[in-house]
Amino acid sequence: MTSLDHKAEASAASAGLAASMVGEGVAADALSALLARRSAWPLAEPGPTDAALARILDAAACAPDHAGLRPWQFQLVRGAARHELLRQVLAQPQAQVPEVRELHGKYTAKLTTAPVVIVLAARIVPHPKAPEFEQLLTCGAAVMNMLNAAHLLGYAGFWSSTPEPLDGLLRSVMGFAPQDHMLGLLNLGTPVNPPSRQPRPVRATYAREWPPSAHSI
Ligand SMILES: Cc1cc2nc3c(=O)[nH]c(=O)nc-3n(C[C@H](O)[C@H](O)[C@H](O)COP(=O)(O)O)c2cc1C
């Protein structure tokens, strides 16, 4: 990237900042929406449009990223491709043993329920200043940004795990690198059920002021 590109990027960023500060009301609305985000399962059509998906993926790249390693790696699977992915996963020799055959129904639900399934991985590289855990945290932040972006665009998401052997099956079918950490699936679509009313934790249970003081946060 040239220094001109950097300047253009910086001025676009400050223009964006100014736009977001146009009125406190805009920021307050965004924050209210953020505080109302809930994961949803199952998810149905409509899934995010191409334009919405582009914005959602752009949000991932806004994650804090020590040393600029960009460790996130995603593969999007949509529509008929989800069924093809499932077919190939279930056809692997490792998927034919009885313990895994019992899980075929579960894998079917995981891979083909939501209209858009993003297979998530972290490509960790050795780095003197950004250890593995920081690179994993960056990937977590990137996925969280996508969940929030999807919510702000009117869709819902659900981050689900892919414990072994599904991890390994996805890795070999989809061509993730041996050093990639599989991080599960980000499912995107439209909620079928009303949002959960489960209350969020009370902030005093996870945050406190130091030194301890009489006033509460
Ligand atoms: C990495 C990760 C993997 C998860 N895997 C599952 C899962 O396989 N099944 C599940 O029920 N919830 C899973 N969850 C939890 C849900 O994604 C979700 O966070 C939870 O249901 C709480 O919903 P909320 O986001 O509305 O608070 C996972 C969360 C994370 C961060």
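In case you wondered, yes, glycine gets a Cβ from its N, Cα and C as well.
TrEMBL: automatically predicted annotations, no manual curation.
Annotated FMN binding site per TrEMBL: Arg37, Arg38, Ser39, His66, Trp159, Ser160, Ser161, in sequence order. Take the CB of Trp159 (FMN binding site) and look out to 10 A: across all protein chains shown you find 17 other CB atoms.
Across all of the domain 'Nitroreductase' (43-189), the predicted model scores a mean pLDDT of 98. Marked as domain 'Nitroreductase' by TrEMBL: 43-189.
The 10 Å shell around the Cβ of Arg37 (FMN binding site) contains 16 further Cβ atoms across the protein chains shown. Checked against ligand 1, the binding-site residues Arg37, Arg38, Ser39, His66, Trp159, Ser161 give Arg38, Ser39, Trp159, Ser161 as the ones with a Cβ under 6 Å from it, listed in sequence order.
Neighbour counts of Cβ atoms within 10 Å were taken for the binding-site residues Ser160, Ser161; the minimum is at Ser161.
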